[in-house]
Structures are given as C-alpha cells and as structure tokens.
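Chemist: Structure incoming, see below.
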Amino acid sequence: MQKKTNKNLRNIAIIAHVDHGKTTLVDKLLQQSGTFKKHEEFSERIMDSNDLEKERGITILAKNTAIQWKKYRINIIDTPGHADFGGEVERILSMVDSVLLVVDALEGPMPQTRFVTQKAFSYGIKPIVVINKIDRKHARPNWVIDQIFDLFVNLNATDEQLDFPTIYTSALLGTSGVSYNHMNPDMIPLYNAIVKYTPPPTVYPNCPFQMQISQLDYDNYLGIIGIGRINKGSVTSNQSISIINNTEVKRTGKIGKILQYLGLNKIEINEAQSGDIIAITGIDKLNISDTICDPQYISALPMLKIDEPTVEMLFSVNKSPFSGTEGKYITSRQIFNRLKKEENYNVALKIKETNDTNTFSVSGRGELHLSILIENMRREGFELEVSRPQVILKTINELIQEPMETVVLDIENKYQGTIMKTIGQRKGTISNITPDQNNERTRLDCIISSRSLIGFRTEFSTLTSGSGLFYSTFSHYQKIESNKIKRHRNGVLIANKTGQAIGFSLFNLQNRGKLFITHGTKVYEGQIVGIHNRVNDLTVNCLSGKKLTNMRASGSDEAITLTTPIKMTLEYAISFINDDELVEITPKSIRLRKRYLKENERKILLRNIKE
C-alpha cells in the first residue's frame with residue numbers, strides 16, 4: 001500500500017468554549033486570505049447560518065469552509081463549543097489532522113475547552129493553541145498558558161502534545177503574533193502556524209476508494225448531501241459505490257455530484273483525491289458513520305463513537321383547547337417525521353416511539369440541546385406539548401447510577417453566598433473557589449448531578465441578575481445518593497374557564513401572586529396563568545368583569561394598574577413546570593398547562609396519590 005502526503009493540503013478544526021471568539025476568528029481568516037472576491041458581501045459571524053446561532057452567539061452546527069492561502073488549500077471546520085452539541089465535535093475530529101484550540105486571554109480554559117480537548121487527545125491530535133482576545137482589558141496570557149499546560153497534564157497529554165505552539169490573536173481587530181508584545185496587523189503568523197504545525201494528510205492514491213460520512217446536509221435541489229474525508233483512493237462523479245455500515249453490506253449506489261468547499265460556497269468538481277474533505281450527492285438514506293467504498297473492495301471504517309444522551313423529554317401532539325389555531329404542522333405524523341429527520345443530522349439525539357401514538361420520547365445531551373430543537377420546530381410552524389426534562393439513569397454493577405456534571409460558575413462577589421447556598425440545596429459539591437485578580441468576581445468549580453441542574457440555569461441567571469456565567473459538561477456516572485432534590489417552587493394559579501382575561505379580574509388576582517398573562521390574553525380551563533404566593537395550587541377566575549349597577553358612581557372609578565407579567569421564554573417554561581404540567585408550544589405562544597385540565601380530575605388524582 002503506497003503511502004504519501006499531500007503537501008499543499010491541510011485539514012484543521014477550530015474548537016473552543018462558548019463565546020471565546022472562534023467564529024469571528026474564522027471570519028477574519030476567510031476575509032484576509034483573499035477567499036472573498038471583491039463583489040462578495042462580507043458580514044460578521046458569516047459561519048453562523050442558523051438564526052438561533054446569531055441570536056445566542058453560539059455555534060450549534062459544525063460548519064465547513066476552505067481557504068486558499070498562497071499554494072495551500074486549508075479545510076477549516078468551525079465546531080460547536082457547548083457540550084450539549086458535543087456529538088458534532090466528535091465527528092469533526094475524525095476528519096482533521098490538527099485543531100486550533102481557541103482560549104480567551106482573560107478567562108482561560110473552561111469546561112467545554114476541557115471536553116473538546118480531551119476528545120482531540122483521544123484522536124492523537126496535537127493542538128495549536130490560540131490565545132484570543134489579547135486586546136481585552138486585564139488580559140493575562142501568561143496565566144492562561146499555565147492553565148492550559150496544567151489542563152493538558154490532567155488530561156494525560158503526551159510529551160509531544162504538551163509541546164504545543166502558541167499564537168496570540170485579536171480576532172476582532174484581525175491581528176496576530178507569536179508574541180503578545182509584537183503583534184502583526186494581520187493574520188499571517190496564524191496562517192504560517194497552521195501550515196507549519198498541521199501535518200499534511202496521509203494519502204493512499206493507488207488504493208480503492210473509501211470514505212466515511214461524518215456530517216449530513218440537505219439541499220432542496222440536490223437532496224441529501226454526505227460530507228466526509230476521503231480515507232483512501234480517489235472518486236469521480238457518477239462512480240458506482242457500495243454503502244456499508246460496520247461490516248454489513250447495505251446497498252449499492254452511484255455518486256451524483258462531488259462538491260468541494262471554498263469560502264462559503266460549494267464548488268462542483270469532477271474528481272477528488274485522498275485526504276480531501278468533500279460533499280457528495282445522489283445517495284438516498286445516508287447515515288452518519290456510513291462507509292462509502294469501491295464495490296470490489298468492501299471494507300468498513302470503525303463506527304464513530306458518540307457520547308450517549310443524558311436527558312429525555314416527551315414530545316406530544318398539542319391537545320389543548322387552542323390546538324391548531326396558531327400552527328401549520330400539528331399531527332403526530334408530521335411531528336414524528338420532523339424528529340426523525342433531525343435524528344439523521346443531529347447524531348447526539350435519540351427518538352423513540354411510546355405506547356401512546358401521539359407521544360414520542362426525545363433524548364439529548366442536555367436542556368439546551370433539546371430547547372434548541374424545540375425552538376427550531378416552533379419557528380418552522382409546529383405545535384406541540386413537551387414534558388419536564390428527566391435524567392436518563394443507568395444500571396452499572398447492579399447499582400442505579402445518574403450522570404454527574406462539572407460546573408464552573410463565574411459570579412460577582414456579592415452573589416457568592418446565595419449561589420453557594422443554592423448549590424448546597426441541589427446536593428452539589430464545591431471543589432474549588434478562585435477569586436479573580438481584581439477581587440471583583442469569583443469562580444466556583446462544582447460537581448453536581450444532571451438531575452439537580454434541571455432548571456438551575458434559569459434560577460442562576462435570576463439570582464445573579466443576569467451577570468453570572470454558567471458552564472457545564474458531562475463528568476461521569478455515580479450512584480444516586482438521594483432520590484429527591486428539593487424544588488423550592490410555589491404553587492400555581494390555574495384558570496377555571498376558557499375566554500379572554502379581563503383586566504379587572506387580573507387586578508384582583510395580583511395579591512394572590514405573579515401573573516403570566518395580561519388583559520385580553522386568551523386562556524383556557526386548566527391553563528397556568530401565574531405563580532401563587534403559597535405552596536399550593538389555586539384555581540382562579542380571570543374572566544369576571546366589574547359588576548354593573550344602575551346607580552351612577554358618586555366619584556370616578558379607580559384606575560386599574562396591572563403589573564408587568566413574567567416574560568415566558570422557552571427555557572424558563574421548561575425549567576418551571578412540575579411533572580404534572582406541560583409546556584404548550586406554538587409559533588406564536590408559549591403556554592403552561594396542567595396535564596389534567598379539569599379541576600375535578602386533578603382532585604381525584606391527588607386523592608389517589610395520597611391513598
């Protein structure tokens with residue numbers, strides 16, 4: 001088997017923690033390489049194509065691009081930085097020969113940095129460390145380098161991996177340098193580092209064709225697009241191939257078009273060589289991990305390893321009285337087809353049918369992972385109901401065990417006591433407390449169960465007035481210490497009739513608690529309209545107006561002033577509900593409701609539970 005290297009090709013991924021600037025870095029690499037032509041419009045965060053990505057400032061789906069710099073073609077994959085989307089990260093690492101590990105010059109390595117770096121080390125990849133945001137006030141690059149070295153040691157890095165090259169950048173300003181004291185006004189030092197320290201791919205030009213599907217895309221005209229790196233040989237358009245999963249021959253097919261990345265475009269080519277990352281069309285029902293190979297030399301590549309889901313939710317057809325009034329897709333078949341389509345692309349997601357034909361079990365890597373899916377479906381016109389997230393338990397060595405997570409909280413000092421108390425209530429363990437160099441903020445390192453984290457993100461944001469930073473990643477499984485985690489949530493106010501809420505009635509209810517609705521809001525019997533001041537649920541009438549009389553008032557009526565209702569976001573709703581409640585999601589509304597809408601049904605259920 002003749003082995004060579006393609007000296008003018010580099011395959012590299014960019015991995016980093018959320019909001020450490022990797023997407024902006026890719027923008028600048030594309031811009032300064034000359035890959036964009038003069039007539040092409042440039043916008044910031046060009047690699048984030050998903051609306052949710054731009055709104056939240058995070059990367060959810062891995063993106064592929066390539067730049068031509070001098071004689072070198074550099075394939076770049078911008079990967080997610082959040083562990084909930086780690087399924088994307090793992091597949092990407094199977095396609096590249098090096099990674100740019102982007103770390104904030106002030107914050108240093110964070111939990112997701114640890115997560116993706118550990119994955120990279122497991123593939124034997126040597127990283128190029130990029131200390132980004134070097135222009136930040138109070139940047140501390142030397143401290144960050146020490147933190148990265150300690151992290152690598154803890155992850156059992158080899159001597160070669162510990163001898164990592166470092167480049168300093170400000171992606172925002174488009175500058176880089178091998179020393180933070182001597183910065184170039186461009187990205188040339190970073191281009192040079194990529195070419196110098198990324199090994200050119202090993203190629204087998206004379207072997208039969210073989211590649212593995214690491215990503216899937218879809219085009220309305222081209223259909224399913226399979227993306228992967230050619231492991232051996234070469235491929236031409238219209239070539240006959242076999243599609244296999246592990247060692248089982250599945251079927252034969254024919255490749256349609258071969259597409260190569262350049263900038264933000266896919267360019268059609270007639271032939272692609274070993275080592276390159278390409279996209280192919282013409283093959284239906286492709287799956288992640290499928291091996292595409294020469295029919296005469298069938299050989300499957302090892303299946304890609306993906307961490308298992310840790311959280312599950314039930315997705316159901318919307319059965320509320322307002323069902324079908326706001327959405328376009330409302331049937332169980334439409335919801336199931338959409339979920340199965342998502343499962344094809346979203347490899348960390350698992351869909352199962354249940355005994356109820358209108359309900360499906362959806363499991364993923366965390367609350368954020370599933371809430372992104374729900375939000376996307378909502379924007380596409382779907383109506384559905386979802387349950388409270390439940391942690392997936394495992395039986396290991398005849399013991400029931402639950403997933404544990406490493407959590408890092410970055411908070412202002414004044415909130416430290418409150419947050420530490422909350423962590424204790426959720427059975428978490430604080431392993432380290434680190435004040436920052438200005439003694440204004442504190443970093444808390446904790447180990448806490450995934451079960452305890454459900455709803456904590458929203459509570460944490462409220463307790464820190466939005467100023468706290470929250471990071472988490474899966475750590476390990478361990479025996480359940482306590483079956484019950486105390487939830488300090490009051491009871492709820494439940495509407496007893498269907499109609500439009502009246503301001504006069506809501507005004508009188510304000511003394512009972514905080515409301516989710518305002519005057520004129522349509523409500524139905526069994527809908528949750530507010531939070532009760534006490535721990536019990538209370539059924540209320542929010543439709544009654546002021547009694548009319550035939551007597552003229554001696555003075556003017558008092559003006560009714562309603563307090564601003566609590567803003568209902570998807571994350572808040574999912575974390576707020578109890579097991580006997582559901583979140584109703586439509587393109588226009590997010591409502592909370594009881595599973596049983598009739599008050600007498602709820603009373604019977606409560607009585608049976610007590611007995």
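Please read every residue number as a count from 1 along the shown chain.
Heads up, the Cβ atoms here are built off N, Cα and C, so glycines get one too.
So Swiss-Prot lists these for the protein:
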DOMAIN    7-202  domain 'tr-type G'
BINDING   D19, H20, G21, K22, T23, T24, N132, K133, I134, D135  GTP binding site
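Where in this structure would I find these features, and how exposed are they?
Modeler: N132 (GTP binding site) falls within a strand when secondary structure is assigned with DSSP.
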Chemist: Suppose you look only at the domain 'tr-type G' (7-202); what would the mean pLDDT be?
Modeler: 81
Chemist: Can you count the other CB atoms that lie within 10 A of the CB of T23 (GTP binding site)?
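Modeler: T23 (GTP binding site) is surrounded by 25 other Cβ atoms within 10 Å.
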Chemist: What's the number of neighbouring CB atoms sitting within 10 A of the CB on I134 (GTP binding site)?
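Modeler: Summing over all protein chains shown, I134 (GTP binding site) has 24 other Cβ atoms within 10 Å.
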